[in-house]
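Peer 1: Provided herewith is a single structure, encoded as structure tokens, for subsequent inquiry.
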Amino acid sequence: MSTASAASSSSSSSAGEMIEAPSQVLNFEEIDYKEIEVEEVVGRGAFGVVCKAKWRAKDVAIKQIESESERKAFIVELRQLSRVNHPNIVKLYGACLNPVCLVMEYAEGGSLYNVLHGAEPLPYYTAAHAMSWCLQCSQGVAYLHSMQPKALIHRDLKPPNLLLVAGGTVLKICDFGTACDIQTHMTNNKGSAAWMAPEVFEGSNYSEKCDVFSWGIILWEVITRRKPFDEIGGPAFRIMWAVHNGTRPPLIKNLPKPIESLMTRCWSKDPSQRPSMEEIVKIMTHLMRYFPGADEPLQYPCQYSDEGQSNSATSTGSFMDIASTNTSNKSDTNMEQVPATNDTIKRLESKLLKNQAKQQSESGRLSLGASRGSSVESLPPTSEGKRMSADMSEIEARIAATTAYSKPKRGHRKTASFGNILDVPEIVISGNGQPRRRSIQDLTVTGTEPGQVSSRSSSPSVRMITTSGPTSEKPTRSHPWTPDDSTDTNGSDNSIPMAYLTLDHQLQPLAPCPNSKESMAVFEQHCKMAQEYMKVQTEIALLLQRKQELVAELDQDEKDQQNTSRLVQEHKKLLDENKSLSTYYQQCKKQLEVIRSQQQKRQGTS
């Protein structure tokens, strides 16, 4: 065995040769397995089992092969890791020869996949975190692509192969076991199909641009917090067939154009149309200026506290900051159109938002709890979306201008009333006859302005009017008023029916002068008008409530129709796919028959 030959053409060397004399071929430290104290199994890699262990008083990850069939992947990863040295690539400490295993840097944060889609509780993360992860991934891959004398292609980029350290702020690429055995490993790997470039599974010649395609899918995934092509389901070949036919993840609502353009370029069917990883690094580095806070550690729901609400908004992404330092004057019931001043994680489940809206703090911050909403505009209505997808709705404006959008919004006329982010506010007539914007769920009819609350009146709600209206409590007097009815023994005014005391202060009938017939007539007319006014307001409130019920029913009907239409389209699509596959099968069958006949002819002539 020639060491020089093995070093110059390591890819052609046998696995046995390289294991027998790795110190002569590869640049790594040989570690005595007795120095390692294995603690627990933490997962699987491209080959073998990954365990957490202690080595020389520090945490390490050891990757052991389980069978001889994994030995080649082990050699590939050992060879590739011994070549690289980059802050965004997992570090190789050394290898053991008996038993065969790699000793690598331990990532306490686990994989990016588990952070995005793992078991509850899931951490909150901001758009800054999402962009930073993608930037670091691109930096690591760009380093691999720039290696000399021959570029190294990862070929299996996906969140399970991206590890997080330093509180989730630093990303490291791992699993190089597929770097030279793409056909035997990846085409049979269901877990990689969603991120795989079409030219890889099509059997075409591929270059480092296949990593660019995978990176574009990862960018979509960290922004939406959804699994790519999850709605397709079935075996891996269904995803491959869809990607082959041009299917890509749905575009993201409110995603800034520079990010969308970069992402869709990475998805291009033609590898030559995709940007290089070096170009991606330049673009992402430029865009990161608009995403501060990426160095803040990830926060989990159990770490959340009300006391730290105002300080954790920008670092944890646990709520949308409506009244932040730059937009303290912004407050509108239609919050869909209010750009947030920090990069938070937006949870869009409307029912949860409605419950949260009732628990607003007086500081003006709207706390959004974790939900399972999706930021993808064109996803099926019945799909179970992932949690806390990155809110990109206001980044485009910040990219276009370095100063944040600060146009004043119309505020509420009632303090501590915020409306609902996803609901269109209703115009409700207040007691003084002026329109007032309220959220749909808040069906209060009127209310005095702050500072106008009197000892006799308060802001009544529909419920108060319904249960204490003029027809059920004290109706307007129809008989002539007499001085005997004007006051009780304590001198309090009993001339005004109690129902009218729920009216706004300036609308309540005033006690008449008992010695003036004109005053008495005005008072009685005022009482009748007040009664009619209350009836109309009550009817308006009830009609509004009924309207909301009808709107809800209509929405449900539309959802049912959409579901039916979606199922019909999906059925048609499956039929077309079945027909296409059948045609393809027949073509392959004919080709096979032709090949067999040609072989038979050759055998006959020979």
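Placed from the backbone N, Cα and C atoms, the Cβ positions cover glycine too.
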Peer 1: Looking at Swiss-Prot, which of S207, S268, S389 is flagged as phosphoserine?
Peer 2: S389
Peer 1: Labelled phosphoserine in Swiss-Prot - which residue from S13, S272, S383, S439 would that be?
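Peer 2: Among S13, S272, S383, S439, the residue Swiss-Prot annotates as phosphoserine is S439.
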Peer 1: Of T184, T325, T344, T466, which does Swiss-Prot mark as phosphothreonine?
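Peer 2: Checked Swiss-Prot: the phosphothreonine annotation sits on T184.
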Peer 1: Of K63, K72, K517, K572, which does Swiss-Prot mark as ubiquitin cross-link?
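Peer 2: In Swiss-Prot, K72 carries the ubiquitin cross-link label; others show none in the record.
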Peer 1: Going by Cα-Cα distance, pick out whichever of the recorded positions G48, V50, D156 is nearest to K72 (ubiquitin cross-link).
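Peer 2: Nearest listed residue in space: G48.
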Peer 1: Which of these recorded positions is closest to S192 (phosphoserine) if you go by CA atoms: V42, R44, D156?
Peer 2: D156
Peer 1: To which of the binding-site residues V42, V50 does the lowest count of other Cβ atoms within 10 Å belong?
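Peer 2: Ranked by other Cβ atoms within 10 Å, the binding-site residues V42, V50 bottom out at V42.
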Peer 1: Among R44, K209, the recorded positions in question, whose Cβ has the most other Cβ atoms within 10 Å in this structure?
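Peer 2: In terms of Cβ crowding, the pick is K209.
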